[in-house]
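Here is the structure we will look at, set down as structure tokens.
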Amino acid sequence: MIEQRKLRVAVLGGGSVGSQVASLLIAHGDELAARAGAVLEVVGVVVRNLDAPRDGDIPRELLTTDASALILQADIVVELIGGLEPARTLILEALNSGADVITANKALLATHGPELFEAAEQVGAQLHYEAAVGGAIPIIRPLRDSLAGDRVSRILGIVNGTTNYILDRMDVEGDTLENALAEATRLGYAEADPTADIEGFDAAQKAAILASLAFHTTVPLEAVHREGMTSVTLEQVVSARKAGYAVKLLAICERITDAATGVEGVTARVHPALVPLSHPLASVHGANNAVFVEAEAAGSLMFYGAGAGGIQTASAVLGDIVSAARRHVAGGPGVAESTQANLPVLPMSSVTTKYQITLTVVDEPGVLAAIATQFSDRGVSVEAVSQSVRDGGDEARPTATLVIVTHRAAESSLAATVTALAASPVVSSVVSVLRVEGQ
Ligand code: NDP
Ligand code: HSE
């Protein structure tokens, strides 16, 4: 009988994801060997603390603190430490030693992706990262391979499970943001310091990765416009539902043409937005993720599932390991990252979007006309207006609530309109401004 080829796999990190990856590689060894065409031997798992308790079933003798020594023995290195350093240095060590690398590290890819892809290309190695966006959801390979023959025009993604859980709980249970965040922390969705989730940093990293892949263009993290969701109130969520919307924190990547300059480019942004209840993204509940892709030929596609979790994320990592092993067995260099389009990355002011603006206004003759003028003076067209019965102020100066939805207009014109409304003598207060997406 011919002995099957053996590939040595080093797992850097034995935490939530790494421990599951190592355990599944060991437990499903025969099945994975049959699929990969080679035995996948776990040669070690790098951790900081050899005595810390771990999920999964990892033989104690596989644990080590010496990452560099382990990398030198490996054909495939799986980086599941997280953060920028030492992950970056260890991945470069692995690539330079000729190993293929698998990582789930969105922070590192969004910050140092071009350097790592360049290093992989130099040595003909593979760098796979299916788990970096959307956890278990296959979205990287569909964008890189399945849609490589199409032109992606837009991506709308719910790519952070913690914030989707919080917003969904506010919507479904009527919880405040503070209570929903406390519950997300209790359930282990939010980090001990949830800033990366609720301020949109995590989603911005994922947006940079998705935009780079979808538009064959390097989109740096600094170019992603980012607004968190900490200013979203329960009142906004409740009135959004009454008006037929759900509030979601979206990562939006678009290929656009700047109306003023005619320059074609790409944009990436993260902010809370109103999504019509009829849109598939409005039905993404709990800590789930979904990525809605619009492509010229394919039309609309949605990828949905668990965006986090140790074993769920391990599924995507294992897929990458099998894929890397198959290439090892077949031979030949890894496929380089495609950035051939090299489109300019346009600023937020080039984006066109729709706004829903809620105002408390003085309820007297001429007010509606005065407000309409603020919109028309800035070239913003109003799509719908609804006014409540008098609901505030006093007898001398009663007020009412006005909800205005605009047509798509330049972000800069919309922002200028909101500033002008806030300064208008007929506006008591600007209660809420939210962008509307998915229409
Ligand atoms: P954890 O914090 O649970 O695990 C990190 C592991 O790395 C631990 O085993 C830790 O050792 C080890 N480690 C940390 N620093 C060092 C170091 N300097 N040297 C050696 N080992 C070190 O992280 P996760 O498993 O949650 O995440 C891993 C990666 O996967 C991250 O990039 C994350 O963004 C990504 N990811 C995670 C998801 C999730 O649901 N958890 C979802 C999608 C992506 P020790 O155990 O001894 O402390
Ligand atoms: N903190 C992230 C989330 C983990 O809530 O989605 C997955 O990247």
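Think of each number as a place in line: the chain as shown, counted from 1.
Every residue, even glycine, has its Cβ placed from backbone N, Cα and C.
Residues within less than 8 Å, Cβ to Cβ, of Lys206 (active site, proton donor) and separated from it by at least 6 positions along the same chain comprise Lys106, Ala110, Ala132, Val133, Gly134, Gly157, Val159, Asn160, Ala251. In the three-state DSSP scheme, Lys206 (active site, proton donor) falls into the helix class. For Lys206, the entry in TrEMBL reads active site, proton donor.
Marked as NADP(+) binding site by TrEMBL: Leu12, Gly13, Gly14, Gly15, Ser16, Val17, Gly18, Ser19. DSSP assigns Leu12 (NADP(+) binding site) to a strand in the three-state reduction. The number of other Cβ atoms within 10 Å of the Cβ belonging to Leu12 (NADP(+) binding site), over all protein chains shown, comes to 28.
Other C-beta atoms found within 10 angstroms of the C-beta of Lys106 (NADPH binding site) number 25, with every protein chain shown included. If you look up TrEMBL, you'll see Lys106 marked as NADPH binding site.
The L-homoserine binding site annotation in TrEMBL covers Glu191.
The feature domain 'ACT' is assigned by TrEMBL to 356-435.
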### Summary
Note: among binding-site residues Ser16, Ser19, least Cβ-dense neighbourhood at 10 Å is Ser16
### Task
Please list, in sequence order, those binding-site residues from Gly14, Gly15, Ser16, Ser19 with the Cβ less than 6 Å from ligand 1.
Gly14, Gly15, Ser16
### Query
Hey, for the NADP(+) site built from Leu12, Gly13, Gly14, Gly15, Ser16, Val17, Gly18, Ser19, who else sits with CB inside 8 A of the CB center?
Val11, Gln20, Val21, Ala22, Val45, Val47, Leu80, Ile81, Gly310
